[in-house]
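This report concerns only the one structure given below.
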Amino acid sequence: MLAGCGSKSNTKSADVENTTKTGETTTEKTQNEKTAAENKTDDLRKETLFITGLEWGPPSSFNYFTGVASFPVNNQNNMLVYETLFMYNGLSGEIEPLLAESYKWIDDYTIEVKLDKRAYFNDGEPVKIEDVIYTYELGKRYDILWSSLWTYIDSVESKSDDTIIFKLNKKDYNILAVTESLTNVPIHPKHIWEKIEKDANYDISEINKFFNESPVASGSYKIYSYDDTKITLVRDDNYWGKSKFGKLPAPKYITHILFKSNDAASLALKRGDLDYSQNFIPNVWKMWEDGAEVRTYLEEAPYYLSDSMPSIYFNLSKPGLDNPDVRRAIAYAIDYKKIIDIAMNGYSDVVEPALTVNNELESKYIDKDAIKPYQWKYDVDKANEILDSIGAKKGDDGIRVLPNGVRLGPWKLECPYGWTDWNATLEIIQQSAKKIGIELETYFPEDTVYENDRNTGNFDIVMSTPADVITPAQPWKRAHDILSAKELPPFGEQAYWNFGRYKNERAEKILELIPAEKDIERLRKLYTELTIIYLKDIPTIPLMYRPTYFFTVNESVWTNFPHENDGTGIPPYCFDGAGIKSLYNLKNK
Amino acid sequence: MRSSLYILLKSPKFMIGVCLLFVFFAFIVIYPMINTNDPLEMVNMRFQPPSSKNILGTDGFGRDVLLEMAHGTRTSLTVGVISGLIATTVGLIIGIFSGYRGGIVDEILSSLTNVFIVIPSFIILILVSVSIQAKSVFIIAIIIGLTSWPWTARAVRAQTVSLRNRDHVNLARISGFNTVKIIVFEILPYIMSYVVMAFIIQLASGILSEASVSMLGLGPSNTISLGIMLNWALLQEAPLFNAWWTLIPPALTVALITFSFYLINLGMDEIFNPKIRS
C-alpha cells in the first residue's frame, strides 16, 4: 500500500460522525455533476490535474484546528486553499513572498513583515493585518498546530495598515521557529472564524467539529467536491494572485484520487489516468521503458532528490537496547547497500550516518572530517568484535547473551503494514542482525496501531522519519526530533518526536544554542559537536536518504512539470511551499 | 480390507492425487537439503527472472523463490494438517455427542453449530487474526481449525442419530456399557470412513484458508508460507513488472495440493460408497 509517508498524528477519526453527516449532501451533489460532466469527458480530462499521494483516507474535515484535516488542508505549507505569508523553496533554501511582500530584521529580536495589499479572500474581503494577528493568536488560545510557536514569540502587532511586527522571546530565543512560522502558519480570515469560535463557545472540541466544507481562504483553489474516493478542487478564477503571478494556475480542476493501494496508483499513473504521484513506485524506470510518458525529477538514478532520513528508533528503556554498544553493533551489522538496492530501488545514496542529509543545503553545517572517526558503515566483523568486547556470548540458539544475563532479542522491528519499502528495509535489518547473534522479529501492524505504539513508546525498535517536513528550520528540526527531551511526554503518553526518549544535557543545550545563532562558522561548530554526541550515543540509526515527496509525473496530458535542469528553480513538488509555482507553468500537451 | 486397498490402487483419481502429493513431499523434503540457505536471506536483486542462479527467479525482497516455495509449502502443509486435525476432532466430538445424547444437549450443540455455520467462518478468522499480535504458524492453524469444524459436526451428528437406535448399539446399552465406550466401540467405527474423508477435506481447506488469510496480510509473521508469498508479490506490485514467477508458482502449488487432496478424497469415496464404484 502506501510507502512510508511521514508522521501524521493518529486522531484522524476524531469527528467521524460529523464527517458522515456533512458528507452525505456532497455525495448527492457530486452525482448530479457527474452526469452533466460525462458529456464532455475529454475537455474535463484536459482541464483536470489528477494527483495522488498526499492523502490516504476519506476526508475527515478541512479544518486546520483539528490538526488532522484532509488534503488540501493536511500540510501546514500546502498553499492551494489556505495561504501563508511566505513560501519556502526546499531547493534553494530561500523564502519567497506570497501573502506578504517582504520581511526584514529590525534588530535581533524583531522582524517586520510587509503584507501584499492586493491580497483578498475568496469571499472578496481583503487580507488584513488583523487576519494575520488573529491567526497567530489562535495558537495562543487553543492547542493547535502553531501553538508551540508562542514559546518563541512575545507578540505579533500591527505597525501600520500593511506592516506587522513580530517580537521574539529573548529568553527562549529561536530564530528558526519564527522564520519557519512565516512559511507555515495558514492565514485564516478573522471575520469568518471569529463567528465560528463564538458559536462554539470558544471550546476547541466544538470548533473541531466544524467540517469547513467550503473554506473561505485566500488560495487559488476552492473545494469543489469530495467523497470516499477522491477530493476535487476547482480554480478560483477570481484569485487575487493573478496580479502577483501574472496569470492563473493552469489546471481548472485538481482531483486527488484516494487509492486503496500503491499498485493501483502505479497502474493508473502508467496508463496516464493519473498525472502526478507522490507515492513510492518500485522500479519506476520500467514505466518509461514500457513506453509510458512517465518521468521523474532527475533523469537518471537516483531519480529523486532526497531531503529526509528514515531511521530506526531504539526504545532506550529496554534492557539490552539501552546499551550503546549493542546499538553500535547493530549499526555496523546493517547492510545499507542492500537496503538501497532492494528496498529503495536505488533511489538513494548509501547513508552516511549524521544528523544532516547529504545535500548542499545541509552539509554546509557539518565538518565532515571531524565526524568521520565516529561514523559507522556496514562491517559485520566490526559488529561481532564490539559484541565480543562487551562479553556478549552466543547461546546454544546462536543468540548472544550479555554478561548480566540479558538475551539480545527477540526484539520487535516495527513499521506499518503495506509500506513495502519500509517492510523490506526491516526484513533486511532482521537478516543483518541474525548474522551477529541478535534476534529481531519484524512486526507490521496497521497504521494506527503503529502510530500509537511509536508515540507512546510501546515498541522495541520502530522505524520512522525524524522531522519529515520541508522547512527553513532544517537540519535543526531533525536534530531536535531525534535528540530533544525538552517538554517530551513520558512513555505511555503521546510524543511526536524522540520516540525512544533519549536524554542528554549537552545535546539539549546545543539544541537551544543553534536556533539563536546566525554565524555560519559557529553554527558549524555546534552542529558538528551535536553530530558527534549523536554518533556516540546512537539513539537512532539512519537507514537511507529519501525524498519527502517522490516526484513522478505522466506527461501525456499535462507537460512542463519541474525538471532537474529546467532553470526555473522550482522544487520537485507541486502543492507545498514554492512548489505551487509549477502549476502556473503547466501546459496541455 | 485387502480388496479395499486394491480398489483404491486401481482408482486413477486416488493414484493421481497420491502421486501429486508425493512429488510435493519429495520437493519440500529434498530441496532444502540441497539448498541449505535461509529462505529469508536476500540473495539477489529484487524481481530477477528465472536464471541458473535462481531457478524460479527472486521475489520483491530479492529472495530465492524456489527455496521459499520449499519452506512455504512445508508451512502451508503444517497449517493444513494441524487445522484439519483440530477441526475434525472438534467437529467429531460435538457431532457425536449431540447426535448420541439427543434432547437438550443436542438442541444446544446443534444450535451452536448452526450459529457457526451461519456466520461465515472466514470473517471470524479475519477478526481473530486482526486482534492477535504475535502470530506463529501454530496459532494461525489453531484459529483456522477452530473456525472450520461446524460442517463436520453437522454431518457426524446426522450419521450418529441414524446409528443411535441400531440393534448393536441398543444391545451394548442394555449390557450396561457407558456412553464413552458405546461411542468409541459401537458408533465411531461406522463413521470412521466419513471422518477420514472429512479430515482430508478440512486439511485442504485449511491450506486454502491460510493462503487467503495470509494474502490479506494477516498470516503468521516472521516465516514464509505460500499465502505470504502471494501477499508480498501483490503488495510489491509484481504484476506491474510481469514478475509471473513470484505469483504463479505459489498460486499453482496451493491449487495443486488442494486438488490432489480432493482427488484422494474422491478416490476413497469410491470404496466407502459402493454405489458410485465404477
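For all residues, glycine too, the Cβ spot is worked out from N, Cα and C.
As recorded in TrEMBL, the features of this protein are as follows:
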TRANSMEM  B:12-34  transmembrane segment
DOMAIN    B:73-265  domain 'ABC transmembrane type-1'
TRANSMEM  B:77-100  transmembrane segment
TRANSMEM  B:112-132  transmembrane segment
TRANSMEM  B:138-156  transmembrane segment
TRANSMEM  B:187-208  transmembrane segment
TRANSMEM  B:214-235  transmembrane segment
TRANSMEM  B:242-264  transmembrane segment
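When Cβ-Cβ distances under 8 Å to the transmembrane segment (B:138-156) are tallied for each of B:12-34, B:77-100, B:187-208, B:214-235, B:242-264, the top count falls to B:77-100.
With a cut-off of 8 Å between Cβ atoms, the residues of this chain six or more beyond the transmembrane segment (B:242-264) that come close are 13-14, 16-18, 20-21, 24, 47, 49-50, 56-57, 59-60, 65-66, 69, 72-73, 76-77, 80, 200-201, 203-205, 207-208, 211, 226-227, 229-230, 232-234.
In this chain, the transmembrane segment (B:12-34) lies out of contact with the transmembrane segment (B:187-208); the count of Cβ pairs under 8 Å, excluding pairs fewer than 6 apart in sequence, is fewer than 3. Among residues of the same chain six or more beyond the transmembrane segment (B:214-235), those with a C-beta under 8 A of the stretch's C-beta atoms are 39-40, 59-61, 65, 68-69, 71-73, 75-76, 79, 126, 129-130, 134-137, 139-140, 207, 243, 246-247, 250-251, 253-254.
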